[in-house]
Amino acid sequence: MAGILAWFWNERFWLPHNVTWADLQSTEEAVFPQAEDLYLAFPLAFCIFMIRLLFERFIAKPCALGLKVQANGPQKAQPNAILEKVFTAITKHPDEKRLEGLSKQLDWDVRSIQRWFRQRRNQEKPSTLRKFCESMWRFTFYLYIFTYGVRFLKKTPWLWNTRQCWSGYPYQPLMPDLHYYYIVELSFYWSLMFSQFIDVKRKDFGIMFTHHIVTVTLITFSYVTNLTRVGTLILCLHDAADIVLEAAKMANYCKCQKLSDLLFLTFAVVFIVSRLGIYPLWILNTTLFELYEALGNFPALWVFNVLLIVLQILHCFWSYLIIKAAYKAISKGKVAKDARSDVESSSDEEETVPRSKAPHSAIATNGTSGANGTNGYLTGATCSEEH
């Protein structure tokens, strides 16, 4: 195992020329990031998850009920052993031939059976109350960590001049505030990696899981190699849009439609400006060009930049969906439904309802970051679709 670790952490791969791991060892005069520090993230991730459970139960839920958020889930299908067996063991979306067979067996018309399967699929959807609690937790965490990041970064020279990210490397002491910021962010993304399997399941689950993996990898490697200054810029930049997004979702769940639409459009502007403007012009510029000028070429430089470019590709994908939803918002006078975020992958369609009774638009997503990159984004759909 020691041989494998020594091979993996080859300093000629991870560090610039003339820099060794010995240069990054803490001394009496200065403390530098140590790989062992990252073990703190695992118990802290568990603590964050437990805090989340307590927060959702004792703070978010009472707030939701006080705001009259709907507590009940979708209407349940009437019990039927035959249909239940087909649903659980064979298919959740029976084809026309199977529908006709069930119709003869049960002496039901085909439309009634289709309605039963729709209702049964919808039973697995989370309640609005659960979605509100999840969004309120994310909103609270993002607001806290973004505020902390801004207060920390405004005192640093590299916020105003990105070349300072590489000045004096590798002898850049680890400040306590930076250490705390990094470990808490890493712990949060580890908690998301695991909780994503029990959270409200979105259609872009795979994309978000990829996003979390890229984020955790970037945080880990940048910490070990002491490239933490640029890391703090990336973390803070990605948290900004997610605050507005979760606020928009909460407003939507409370049926404050005008506020929800306003917040969504604000989120769209913040997301696009930060992810398609500031991120490439500020972050990618310094990692692709200024880093190379300051420290020269080394293999890990390309690992970091490939991961950062993967994040940018995800930003472009989500921005397309957001622009599409925003266009519908402007053209129809209301924000279109988010067909991604709160729609469970197991339940797609609803019975068509008259336009006058169609539910108002919905906003949502999980979103990300580290990009949090936050966390997943939007795609428009028609007003009569249901989350």
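Cβ coordinates are placed from backbone N, Cα and C, and glycine is handled just like the others.
These features come from TrEMBL:
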TRANSMEM  38-55  transmembrane segment
DOMAIN    83-127  domain 'Homeobox'
DNA_BIND  85-128  DNA-binding region
DOMAIN    130-331  domain 'TLC'
TRANSMEM  179-198  transmembrane segment
TRANSMEM  205-224  transmembrane segment
TRANSMEM  262-282  transmembrane segment
TRANSMEM  302-323  transmembrane segment
COMPBIAS  362-376  compositional bias 'Low complexity'
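In the domain 'Homeobox' (83-127), helix, strand and coil residues by DSSP number 31 helix, 0 strand, 14 coil. Remark: the transmembrane segment (302-323) contacts the transmembrane segment (205-224), by the rule of 3 or more CB pairs under 8 A. Tertiary proximity for the transmembrane segment (179-198) is limited to same-chain residues at least six positions away from its ends with a CB under 8 Å from its CB atoms, namely 33, 37-38, 40-42, 44-49, 52, 141, 145, 148-149, 152, 205, 208-209, 212-213, 215-216, 219-220, 223, 228, 231-232, 235, 369-370, 372, 375. In the predicted model, the DNA-binding region (85-128) shows an average pLDDT of 90.
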